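The next block holds one structure in the form of structure tokens; read it before the comments.
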Amino acid sequence: MANQDQAYLDLLKKIMTEGNDKNDRTGTGTRSLFGAQMRFDLSQGFPILTTKRVPFGLIKSELLWFLRGDTNIRFLLEHKNHIWDEWAFKNWVTSPEYQGPDMTDFGLRSQKDPGFKAVYDEEMQKFCQRILDDEAFAQKYGNLGDVYGAQWRHWGKRDGGFIDQIADVIEQIKTNPDSRRLIVTAWNPEDVPSSALPPCHVLFQFYVADGKLSLQLYQRSGDMFLGVPFNIASYSLLLSLIARETGLEVGEFVHTIGDAHIYKNHFAQVEEQLKRKPFDAPTLWLNPGKKKVADFEMADIKLVNYQHGSTIKAPVAV
């Protein structure tokens, strides 16, 4: 297997040396490039970074959550995935029912005030446990609305119906593989003004040639150190699952990013990662008894021979 880190590492270097220093909504500041692109040939191994540990279990559970059309964090919490907790927690602490400590600007305050962080961590733990234990509470406060799962599988129509974009694109790949309309979108202009965080992964398109299925993602904004490593592995897994259902071999994952940026408080971590030597890419194992995307569960997806460097911690810009 080949080293699959190189395209990512090369882009990190290019941003650090050629990028534009910009302000951003978090106040942290970034160095960014516009219109970056990376290409990964999945026949050369599964493209999950090896120069630091990337938690594949979180990637699996999040993608399966999207593909279920689920928008409630309860499924994620059942699989010990806390990626989306803060969005649901915000709904709870800003509701009239919440009577606990003041949680205004909890994301920023929890990073800057150790005393507040202890209070925040306790409230978050209680919230997550209540989501797991209380179905009615989970239905009311665990639902995130029109996030990726809803847009992919239940895109609302003007007539009151919905479009299942994933089912539609799978059928089109099978019946009309040369189509240039093999597209799934998550960007709904009507929802953007009211969204806490409008979709970063705006659109992806499939391409069939020589019995291989490829996928290109257009991502409007990419946090290169923390977010993009997840995105690379997640969409490579999505490509692999849909290739399985459509009876095709895996081709390329092409990752196009509008604003590819490194936060200024991640510069030291990036320099550390760039010093590390990559390992060969692991192999993705999919249960040979499963074919349909909808049938896959956590145990049906594994990485074989995933060697990696240690975790490199970095603060989240909020």
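Including glycine, each Cβ sits where the backbone N, Cα and C put it.
A quick note: this is a predicted structure, and the numbers were derived from the prediction, not measured.
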In Swiss-Prot, the residues Arg25, Arg180, Arg181, Arg220, Ser221, Gly222, Asp223, His261, Ile262, Tyr263 are said to bind dUMP. Which of Asn188, Asn231 is said to bind at that same site?
Asn231
Counting across all protein chains shown, how many other Cβ atoms sit within 10 Å of the Cβ of Arg25 (dUMP binding site)?
8
In sequence order, which residues at least six apart in the same chain have a CB under 8 Å from the CB of Arg181 (dUMP binding site)?
Gln172
Cβ-Cβ distance under 8 Å, sequence separation of 6 or more, same chain as Ser221 (dUMP binding site); the residues meeting this, in order, are Cys200, Ile257, Gly258, Asp259, His261
Would you mind pulling the DSSP three-state label for Tyr263 (dUMP binding site)?
strand
